[in-house]
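Working notes for the structure below.
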């Protein structure tokens, strides 16, 4: 084992670029000193010819006389110097000769595959082998030969793989010792043979290895039945793979390609350091073994080949009809190549050169390809820059007669632009070809962004990107921003001239800059001039109320903050007059209420709500008493005033903090004690003084009054009686009493009876109408289509009826505050409302049916409620907030979409119609970018994919039925025509969206998910055309006639072919040939990632929008 104190250096290098792993066939183990001299430090070098072998590195180990692989596999990287002699290599150098003896190997690190072996002996060995390795075929006879260097009167012993094999008496030993092996077999004869004198140390032995192919000569394979190729120039057929293992200096399928002097490796890309390869032993994978480089021979490869011989170990004889014999190449003839001049030369031809556009400061990678006979070698192809600097290739790959060299230039500058040359040099000629390198400067805006609007939590900025310096086109626009007091920048990618920054801090200054990017790596330019803008002040919490819940609890509530106000709340509460009872609570931004518990009964508490955004402002507060734990006291300070002949005013005081909810007055005539009248009056929470006017009293009559109060614990004791004496009858009163008492009683009696009758009739009608509506909803929800085609269980197996299993979130009528009408049709209406749900206030869109809506309209409306309940939440489907029934009408509250429906949103983006000056100034036909339009389409596809997975059919998919919510997310809405089956056949004809309907729906009233895909294709056309009317100018009758004949919507002028191809796939006549929504989503996702302009919104000459025909849309 190579210990740390015996190794001066153990270095490992790997090429860390992406690529395939190193193969053992690409590895060469170089042994510079098989016989170790005391004068030199022994070493080994393992080289891989695969320079693109990312992550896989080489490891060296020892196998004989002791397996010591783990330490030799350790190492560190070479220092990165240019040029490196071998881009992927491992080397080891010993400081002690005693450890540099035995059999060593090289393999791929962490691999259990094949190894490449070499051997080292000490110079004091008494014998030397004829060669380090001997390769024979199965069944052949061979002599393992050694030469004696030192004489000793002792017997010799031969060990094989460390075990005794043979010994010779001293009398039989000559200067050349032969150990014969007959009928060689791999399993019994292959191995390491070491010879020494019997008394000598094992480390003084001479080593050679016998490699026995498992097949007879000329064959390979598991059964040795496959014929080997004719391996030329000393190549050996691999008995496992059938490949020719080529000697160093040759390559090709049959080793017929000559590399020349000083080259080695699988592709002849490696060069010896001195260019000569003298005194180096090259070892390859079995069954080749070890040999000298081409042109050299001997155990240490120090001897040149004699005349007439060439190749590795000088084993090949020149047979040259013409020309001369070169010991490195074989026969050398003018105009021909090959070891026997069997191939005619052809001039190299450079191909695949392309002009290059690159951004300044990035690395340029250029491939130069040249073909010829013989194919150019690594180093034959060079790159010459525009300023005549020559650059060497970092790697070369050769396939057949074509070689491709890879060049890399760090940090290209503008001065490097111009005509570059790819040059090929060989022994006979030089050819070159030119290409253009354009170096672009990334763009930088010249003006800062401009503020267009602001709020407490947002800024709306005009990017102001033109004019800019540098080169276009502009690929992406990024807005950089940070608080003025911070150091870290945030960024958002812009998809139009305006950018809205949300979730900002109120009353904060923000530093903003615009950064432009052009296509390609390094295309991001420097940020433009900075501008500082401030967000606005947030409004304080409003509607703060504190109310009693129990004797020990209060409820504090306030109106929920606007959507963009995300500040937290701090609530401080204390008992009145007791500062030591202060309690503080921290609440999140979506809070609008909190319960206070563990309080004292009959105590007053004060609470203040502070907003984290309203620093330095006065904050609202409220106070309330907890409910009482005892009966209330009777009213106090009772007084009577403003007495007349028929009336009087009664005032009294209510005790504070006693939770009094009602006050009761009982009064009677003094002379008629059996007739008593009683009045109950509600007491407001903070009301301490009360007033009541007694009317209809008798003149000149005495009355006795008593009062008491009621709270959560019960009634108080009665107050002491209070006397009242009315004044004598006035003259006008007497006259009226004499002549009008009877008439008054008749009028009052008749009016009372009439009111009672009307009230009773109204209650009966209301109850009947409510029962009728409930029965209608239940019957609608239970109604099933006439024909089903579904993989789900048949209808009679369904558990109960739909209406009984339907559970929807209920809203209270008192929790809905209507604000405005958002839209209405012939039979329905949508209103904007503010609702309270789960203690929180939020915006909502509330839908209701009009009085004269038909049975079908009510069925579709109730069906929409059922579909939304069964679908559940999804980010691309409008969310159901709740439902409410009031006076026999059903109200449906859904998520409020601030940007309206997609169709109107697209048409509003037609800026050439709404703001021509802006359109011309910014050369755009729409405020929406290609990315935004594709994002809308992807959102709808994602929602429809979820809908189809739930086995629901929409039946009315169109841009008008898609809403644009917060952050411009598209959400599918209007499920009034949806059904929960895979196939639905409509049994009646109603209003039909003909322009969006599939052929099978028009002809046979069949609706499936595939028909929804057709409708999606039309929706995609609407998005690309910015809200155009499908088949504008055509009637529905013409559509019925032309669609079955193959007529389809024309491609919009601003539409990419790939997007229109997706539309056409959706409009295929056979439903099963149309793509699924998941496939559509996959295609759109890929388009979004590529950031290509699939929908061109640039304003070009004679630009026209797709036509809009509202009357045609209403007709279908």
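Cβ from N, Cα, C; glycine included.
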Which candidate, of 590, 1003, Swiss-Prot gives the annotation N-linked glycosylation site:
590
So one of 367, 1096 should carry the feature N-linked glycosylation site according to Swiss-Prot; which one?
367
Test of understanding: give the count of other CB atoms lying within 10 angstroms of the CB of residue 822 (ATP binding site).
17
Need the DSSP three-state call for residue 828 (ATP binding site) to compare against my parser.
strand
Taking DSSP three-state, what's residue 822 (ATP binding site) in: helix, strand or coil?
strand
Could you give the number of helix, strand and coil residues in the domain 'Fibronectin type-III 2' (540-633) as assigned by DSSP?
0 helix, 42 strand, 52 coil
Given the binding-site residues 824, 828, 830, which one has the fewest other C-beta atoms within 10 angstroms of its C-beta?
824
